[in-house]
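Note sheet for the following structure.
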Ligand SMILES: *Cc1c(COP(=O)(O)O)cnc(C)c1O
């Protein structure tokens, strides 16, 4: 079937939950993806901060092929090797003592919220059930994860959600202190918010959350699904703050595109759990965890992380120097960057696509750059050349206000 016919088919057979451009992508290599007409695109989306090692990575492909020939799935009814090695590696390189595997970021949020409830019930009794979350948060689309996600457009069509969630303005220390009470079982926060507009937590804010959680016996959950695993130039975003959580959710890049999520936790949290409390048929399977172990080892490499910091600083410095039209603010850390503009971010994304660059949005007015972490300076130069063009084309009337 021709690409155009296939794109037309999407209109008929897929549930209309996504808006996609009329391009059919067929393959990728490194920093680039290709469409059915053989056109090349520079990828600064990376499958939404997922393909940290880029596309069609030979090391990843080799692990997929080898493990697929050995063992793909047995379920959590049995011990298999790869998830044990992966859990051991995650624990060795983090604050955590134990790991729970799942299949996505939303599932990781679900599990973390459930574990917090179980912990609070055992330790303090059934009254301590409240959650505190923040404006512009994003934790996923399932009912529990959605309940701590603030964006009204995501929530309202699906109400009623899980009760007992209080939203507090992000980075507002005093409001957070007041909202976190003896009734709070957990606080969930992204150290650097992704979908909500690339908002960086202040050190004082995360320190205050940690202190207040300790005062009232609430657990602190960091959602590092987007900002974790090297994206900001340290393995975990929390490292840059010197504040450690009790639970940490990870997902997006962990297996470079195969679906996996995980909750990292302290021993005290794990001690509240027992067989049967939570589970998943697919989670932690041998194929996905063998790939994740390979990916995780590469992301942990100090040389790799130094590269992310180096190109991240280069990207930020180049962006600041460009004086792009209609830009209000440039935010982020490492290779998680948001450009707040006066105007419609989707128009910029569309103009960039036409010019061979994949970028995405983080809300209506923020253009988000989350390239594969293997990006080099030359790719950044190429991307910013196209971005500048695209912004001048998409925001012509606004350029005079820049
Ligand atoms: C993407 C994302 C999620 C949800 O992950 P899914 O795998 O899409 O369920 C949760 N939290 C953050 C911070 C994310 O960026």
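Each residue, glycine too, has its Cβ placed from N, Cα and C.
TrEMBL labels come from automatic prediction, so no person has curated them.
Among the features that TrEMBL reports, pyridoxal 5'-phosphate binding site is placed at 105, 106, 138, 223, 224, 225, 226, 281. Counting only same-chain residues six or more apart in sequence, the Cβ atoms lying under 8 angstroms from the Cβ of residue 224 (pyridoxal 5'-phosphate binding site) belong to 190, 191, 236, 237, 238, 248, 249, 250.
The Cβ of residue 280 (N(2)-acetyl-L-ornithine binding site) has 17 other Cβ atoms within 10 Å, all protein chains considered. For 141, 280, the entry in TrEMBL reads N(2)-acetyl-L-ornithine binding site.
As annotated by TrEMBL, N6-(pyridoxal phosphate)lysine applies to 252. Of all the Cβ atoms in the protein chains shown, 28 others lie within 10 Å of the Cβ of residue 252 (N6-(pyridoxal phosphate)lysine).
Taking the C-alpha positions, the distance from residue 105 (pyridoxal 5'-phosphate binding site) to residue 252 (N6-(pyridoxal phosphate)lysine) comes to 7 Å.
Around residue 106 (pyridoxal 5'-phosphate binding site), taking its Cβ as the centre, 23 other Cβ atoms fall within 10 Å, counting all chains.
It is 226 that, of the binding-site residues 226, 281, has its Cβ surrounded by the most other Cβ atoms within 10 Å. Within the set of binding-site residues 226, 280, 281, 226 have a CB atom less than 6 Å from some atom of ligand 1. Taking Cβ-Cβ distances under 8 Å and a sequence separation of 6 or more, the neighbours of residue 225 (pyridoxal 5'-phosphate binding site) in its chain are 105, 108, 109, 139, 140, 190, 194, 249, 250, 251, 252, 261.
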